[in-house]
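Report on one structure; see the data block that follows.
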Amino acid sequence: MAHQAHAYHMVDPSPWPLTGAIAALLLTSGTAVWFHFHSLTLLTLGNILLLLTMYQWWRDIIREGTFQGHHTPPVQKGLRYGMILFITSEVFFFLGFFWAFYHASLAPTPELGGCWPPTGITTLDPFEVPLLNTAVLLASGVTVTWAHHSIMEGERKQTIQALTLTILLGFYFTFLQGMEYYEAPFTIADGVYGSTFFVATGFHGLHVIIGSTFLAVCLLRQVQYHFTSEHHFGFEAAAWYWHFVDVVWLFLYVSIYWWGS
């Protein structure tokens with residue numbers, strides 16, 4: 001490798017942007033083919049290629065940052081800005097769902113019976129499973145902070161314990177949400193109430209699964225001695241993401257479950 005007189009990371013040529021783009025093409029065209037011709041072949045191929053691309057691309061980033069030392073302070077600064085902008089884009093993504101919900105609920109049309117929840121909809125009790133879910137996510141926010149402080153203090157064993165607990169709480173939340181969907185007295189086809197409820201809470205549930213996976217990778221890396229008290233941005237990004245998921249749930253709980261019922 002040629003000597004460089006700057007702290008920035010000159011990335012080696014990589015096939016992953018190309019395979020990622022092909023996966024995106026297969027996913028979008030595969031979805032259209034699935035809707036119109038009921039064939040899952042393209043969609044399945046796209047999913048497999050996307051998962052392989054994600055695994056290998058992130059594996060390469062771990063190699064570059066952890067083993068080759070390319071993630072210097074200026075590079076880490078860029079990664080931080082990237083994560084902040086990504087979370088900001090997610091905030092606006094959820095803002096769209098809240099907008100749809102409040103647009104429908106603050107001025108219910110005559111078709112809904114002029115009231116909210118619409119006539120004929122039996123809502124979920126916000127003080128049963130949704131309240132338990134809130135407690136579970138808030139507890140996971142505490143355990144992920146405990147993990148962060150343990151990493152910074154070099155407490156390896158405590159970090160592993162706290163991360164394991166956070167992941168278990170994340171999976172417990174997903175299980176409870178799945179049970180709630182199964183027992184719900186309305187479906188996604190029940191007008192604007194059903195669609196806003198299931199799309200908003202469903203996308204949040206998807207983010208919990210993504211966050212749990214992100215933290216599980218961090219746990220694996222922590223077990224393999226990848227993180228030090230100074231160098232652990234992978235974990236920090238996962239913790240930011242988890243706190244974001246936490247805050248979105250609080251807004252969902254107050255808006256859709258409590259006020260909306």
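Keep in mind that glycine also has a Cβ here, set from the backbone N, Cα and C atoms.
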(Q) In Swiss-Prot, is the topological domain of Q68 the same as that of G113, meaning both on one side of the membrane? (A) no
Q. So, do the transmembrane segment (191-223) and the transmembrane segment (73-105) meet, by the test of 3 or more Cβ pairs under 8 Å (sequence gap 6 or more)?
A. yes
